[in-house]
Amino acid sequence: MLFNTVNTLAHGKEDTLVLFANNERKLVKTNELSEQTVNAVEQLLVLDNFKGSVGEVSHFYQVAGLSGFTRVIVVGLGKFDAENSLAPKSLKTLANALVKKLVEVKASALTLLLPENLLADSGLYPEYGSDSVYRTALLFVEAINFSRYKFKRFITLDKPEDGHADNCSCCTGVKSYHFLVDAEHVEAFEAGLLDARCISAGVKLARDLGNLPGNICTPRYLADQGEKLARDYENITTNVLDEHEMEALGMGCYLAVGKGSSNRPYLTVVKYNGAPDANQRPYVFVGKGMTFDTGGYSLKPAASMEEMKYDMCGAASVLGLVKAVAELNLPINLVGLVAGCENLISSTSYRPGDILKSMNGLTVEVNNTDAEGRLVLCDALTYAGSFNPLKVVDIATLTGACMVALGSRLTGVFSSDDNFAQELVTAGNYVDDRGWHLPLDDDFRADMRGNHADLTNAGSRFGGASTAAAFLSYFTKDYDWAHLDIAGTGWVSGKHHLATGRPVSLMARWLQDQIMKQK
């Protein structure tokens, strides 16, 4: 799909003109439209009982004074004017509404008169000046790509006759979006378009992987995706550790979780080398890749267990981030650790009461086999220290307790370094992939001390998101570390469940922030 800027309405092949109106039924950007056309559209809006609320859509097939377009679509902005900007959530709402209308009318090519300053200056980075135009382009195009996403790989009854792959531009209607942008805004707007394309590619990869069923997306499959990234990008290399290599490293906790499955665990190491100095210390991201989680002998309830294919969304987001960073060509070094594993029940599964030895030497008593993610992560996080990292972030669908605390809108952010946590929260706010800083202190660490071993893998039912993070903190003392709990944000639950690709946007923004701070 093509997103670009143009400087005239007469671009050539567009069949649809997209305009935007506020809650007073007034078009808010009218470049190159005649007074006759503006008046005609606004009169049609009145006749159509258009209120201009956010995401309200009207469309017309004949407009006085306008030639060259098959139809005109008008999207509501709500209360938008010189003093009132949109919230990022509203921008997503109108983008989603626009995509639905485009599919309905079978549009194929658009010219959009999108106001370049729909979003106000974020105020988050005053040292870099106003970011209104860049951020409007970035979030609008990310929202368009998110809304048009479909996952129909395994549907055979409704496949298009032309055999197009799912989520191609043809199946969702539009092949090109051309934005008519004022000359003084072109540079910033195009920068937003470019970054949106790169980040959306990473989000799509994360969503595609997350939506795959466990019989296809196994730990080995995740390793294959890491190797594919190395084939696709010259500055990416991938190494896959099998269970024998992991055993030699002493990853007793990680390996115990995978003992019950014939799909053996793999730890995939994906390195992106983009820094001018090849020896520059890397940022390391660790993703929980539980490709299916029954809970083990601490068996999960049957209801919605099929959604436990999403327990690898942390690993999917790490692979998606690596792809986004490679597309952005960021001047950093990065290591992605994809901790692939499967938690099933068999005669060889680990049991409640087992005592395991971790890679860093601490022993762990298993109180709950469904608290398996932290056992995989603890050894992966210890291994992360071998890369002499600048900072480490782990991403995991770790606790239902985080969902209870924050619901499905906010990712739980944990770090012993409040400044580190705030950096991640700020980055998430900027791209509307929001997180919330939750507590992590010595009281929670004390709760994870064991009875017959150094640690227990499951604390009490209270403060479960924080005690899980506290458990991980025992394995991260040698570097700066943060933990993102995406149990509530990694996928949308329910009848139409789908992976979200979060928090790829947050992490990409945070890395861009780190680069800006180094300049």
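The backbone N, Cα and C atoms fix where each Cβ goes, and this holds for glycine too.
Nobody curates TrEMBL annotations by hand; they come from automatic prediction.
These figures come from a predicted structure and were not determined experimentally.
According to TrEMBL, the feature active site maps to K300, R374. If you look up TrEMBL, you'll see K288, D293, D311, E372 marked as Mn(2+) 2 binding site. Sequence annotations record features per position, and here TrEMBL assigns Mn(2+) 1 binding site to D293, D370, E372. What TrEMBL lists as domain 'Cytosol aminopeptidase' is 368-375.
This view paints the features noted in TrEMBL onto the structure.
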| residue | record | Cβ neighbours (10 Å) |
| --- | --- | --- |
| K288 | Mn(2+) 2 binding site | 31 |
| D293 | Mn(2+) 2 binding site | 26 |
| K300 | active site | 15 |
| D311 | Mn(2+) 2 binding site | 27 |
| D370 | Mn(2+) 1 binding site | 18 |
| E372 | Mn(2+) 2 binding site | 28 |
| R374 | active site | 28 |
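Confidence across the domain 'Cytosol aminopeptidase' (368-375), taken as the mean pLDDT and rounded to a whole number, stands at 98.
Classification of K300 (active site) by DSSP places it in coil, neither helical nor stranded. Take the mean position of the Cβ atoms of D293, D370, E372, the recorded Mn(2+) 1 site; other residues of that chain with a Cβ within 8 Å of it are V257, M290, T294, G295, G296, S298, K300, D311, N343, T369, A371, G373. K288 (Mn(2+) 2 binding site) falls within a strand segment according to DSSP.
Distance between Cα atoms for D293 (Mn(2+) 2 binding site) and D370 (Mn(2+) 1 binding site): 8 Å, as a whole number.
Here the Cα atom of R374 (active site) is found 12 Å from that of D311 (Mn(2+) 2 binding site). Annotation note: R374 (active site) sits in a helical segment as assigned by DSSP. Neighbours of the Mn(2+) 2 site: apart from K288, D293, D311, E372, residues of the same chain with C-beta atoms within 8 angstroms of the site's C-beta centroid are M290, M308, M312, C341, N343, G373, V376, A396, T397.
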